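Some notes on the structure that comes next.
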């Protein structure tokens, strides 16, 4: 799984970097030719895209390194750090967009050749949609937080390019303040996306538990297994592609140690079949010593 994960995540990061570089060149020409503040906003966003995607590429490669003596749980948390860094990059570009929009709202500037801007923005929109579609497929396959953060970033670019098309169309008919108004709206939306991305990254760094549905699947696997009377103290988290799962099994007092170990091994393999690549730790407890208080999961 780790090989497939690494290959897909690396390709997604490289694709994003190449696409952002191509779009930057196109937008530099479009801004120089039209003077549109919305296209300037998109140009600045492409600069941020390149910085964020390059950061993503470097961090993803680092996060894929195997565990070592100093990082016994691996380097997966680097993905969360990349997502947090991206949220900061994006917040900065959103602030620049907002301030530029206010300036041009107060002093609107007529646009040169909005038709050229429309063509360029259409090209950027199509390219970004293709990239987001690929990233969404990679996220579905890998659940990579770094790629998901990048995807959210480029999804906001799709919204931005759509808004720019409308603004350029209105400017073509003489409503020059539309350009600035849409720049303000885009800035607000991008800031919202950045804050949401930063929140998710911080939650991962704080070792938030796996989603409720995944934890319930683990409980269902454990409590339905022959020889297991119940379970307690389920603890989960995720670091990069790896899920970390710890749980205590409750077994009959007179069950031989070898048999208890065999049951625990079978449960572990069942969990790994459902969540490949996980790090699973199972502890066996005799029913008579199981504390009555705390979070317990009994057979139904």
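Using the three backbone atoms N, Cα and C, a Cβ is placed for every residue, glycine included.
What Swiss-Prot says about this one:
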TRANSMEM  12-32  transmembrane segment
TRANSMEM  39-59  transmembrane segment
BINDING   45, 49, 153, 157  Zn(2+) binding site
TRANSMEM  82-102  transmembrane segment
TRANSMEM  114-134  transmembrane segment
TRANSMEM  164-184  transmembrane segment
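Residues 12, 15-16, 19, 22-23, 26-27, 29-30, 33-34, 36, 38-39, 42, 151, 154-155, 157-158, 161-162, 164-165, 168-169, 171-172 of the same chain sit 6 or more residues outside the transmembrane segment (114-134) yet have a Cβ under 8 Å from a Cβ within it.
Secondary structure at residue 153 (Zn(2+) binding site), as computed by DSSP, is helix. Here the Cβ of residue 157 (Zn(2+) binding site) has 27 other Cβ atoms within 10 Å, regardless of which shown protein chain they belong to.
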